[in-house]
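What TrEMBL annotates here:
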type	residues	note
ACT_SITE	C2	active site, for GATase activity
DOMAIN	2-185	domain 'Glutamine amidotransferase type-2'
BINDING	D98	L-glutamine binding site
BINDING	L231, V267, S341, G342	ATP binding site
SITE	E343	site 'Important for beta-aspartyl-AMP intermediate formation'
Amino acid sequence: MCGILAVLGCSDDSQAKRVRVLELSRRLKHRGPDWSGIYQHGDYYLAHQRLAIIDPASGDQPLFNEDKKIVVTVNGEIYNHEQLRKSLPNHKFRTGSDCDVIAHLYEEHGENFVDMLDGMFSFVLLDTRDNSFLAARDAIGITSLYIGWGLDGSVWISSELKGLHDDCEHFKVFPPGHLYSSKNGGLRRWYNPSWFSEAIPSNPYEPLVLRRAFEDAVVKRLMTDVPFGVLLSGGLDSSLVAAITARYLAGTKAAKQWGAQLHSFCVGLEGSPDLKAAREVSDYLGTVHHEFYFTVQDGIDAIEDVIYHIETYDVTTIRASTPMFLMSRKIKSLGVKMVISGEGSDEIFGGYLYFHKAPDKEEFHRETCRKIKALHQYDCLRANKATSAWGLEARVPFLDKKFINVAMSIDPEWKMIKPEEGRIEKWILRRAFDDEEHPYLPKHILYRQKEQFSDGVGYSWIDGLKAHAEQHVTDKMMLNAEHIFPHNTPTTKEAYYYRTIFERFFPQNSASLTVPGGASVACSTAKAIEWDASWSKNLDPSGRAAIGVHNSAYEKHLTSIANGNLAPKIIDNVPHMVGAPAKELIIQS
């Protein structure tokens, strides 16, 4: 991932302004530590911090067309860039960068070219012939992007809040699947798939069609000129990504450059469910496996850094981002610059455990649509920023445009969870890869129950966070919460603790408005809480809050504590769970 910053029409072309733009761009250097670039045309500035993945030698940005009249700064990967180059035979390209096609496509097609891009991206394009500009964000919001406005009439675009929050009067999340045109004076949606209307689809379930669509999505993401690997938690989604990558890696350009043996990475507390399952999958697939251990204290010590980089106070996102943040640092230290990950599957297939209570296929489908539309504020935000904090790029094949179209056109009756028929969550995905002749995964992994990432790294992680917040947030502080934080008022001490840290880094009202709110149980939307009356009394985003569904639900966990098992102790103000000894953060290969 790269970092982009654009300041457009600020009525100031002075050296001091250029220095200020450079200063703000450096706040994004963690996203792109390989090179920095800036282009100035009058009072228009395009800055870039590069993470070199494709054509590291010559793909520095900003990028230009032939006569340098059109300038682009881009964050992302365009997987179909070779096909797009072939469609532009009369154009000469300056670099081998996949993003080099954008300026030339604009020359040929104007603003209507964005839907031709197959990939993840955020970009700003400046046409110096008339000082018009265009900004766009990918369909689902895999790459992060914000837009702001200055009192001087300027428009600001930045990959992260920290690039613009100090200099804009107002700013907000740049919505995914949208473009901003200075010619048309505002935002408009360019991504308009049939599922977006939430109409109920009726296509039959064809396992091989679904399988091929996902294999294609994974294989196209093997486009890289740098060392890479896969994130492997041992759950269904990451295991499928690893299995397909391992199966098709040989013969690719990436294999010729870096070898055909795949590297896999996992993080967790000692004894966590993910570590055990990931090790088993790695042994089965023959990957070079790297395990990263962290303690509850390691995670707590990193919370402030995590909130600064992830730019949210959402409880679920912070819980899951912290282990990923720690793991990303270790991965980058090994010389790896890109990883493939499994985000998005649960939203598409209704994989969260609360989907067990969906009342009918219509509501099931509508909830998956709501979840996909919100991904840019949750899992995409986490995957993008937790990795980018250390100059690591995460690619997410489940959020491939073509794959989403296939998966979301299937009659949702096939996605419904029906234990009496042996259909657990994400059954249609599991069945698509249940190949007796050439198995992708061991059966018990293929049919392993869903674990949310913040649970799978070790149950005592969340319990430890709650205990830490209990030590630092008093009952008296909670009584005044609605007056101090009138928007998205924190309802738990853990949420209050995160919010105070966020407000210290990003004190503007606009910043607090960029974070979603509302009640949730086991990562549900607020609407889905209506599915079960008991959930409104147990509002926690952990998967274990799905009482009556999760094998280690809170109702069982609380019973264990009441019986004297797994009792939390506070030692030197640090929560430890008896039976879960803390280990140092180490790496095993």
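The backbone N, Cα and C atoms fix where each Cβ goes, glycine too.
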Quiz item: How many Å lie between the Cα of the residue listed as 'L-glutamine binding site' and the Cα of L231 (ATP binding site)?
Solution: 24
Quiz item: Where C2 (active site, for GATase activity) and S341 (ATP binding site) are concerned, what is their Cα separation in Å, rounded?
Solution: 18
Quiz item: If you average the pLDDT over the domain 'Glutamine amidotransferase type-2' (2-185), what number do you get?
Solution: 96
Quiz item: On the Cα atoms of L231, V267, S341, G342, which are listed as binding ATP, what is the maximum pairwise distance in Å?
Solution: 14
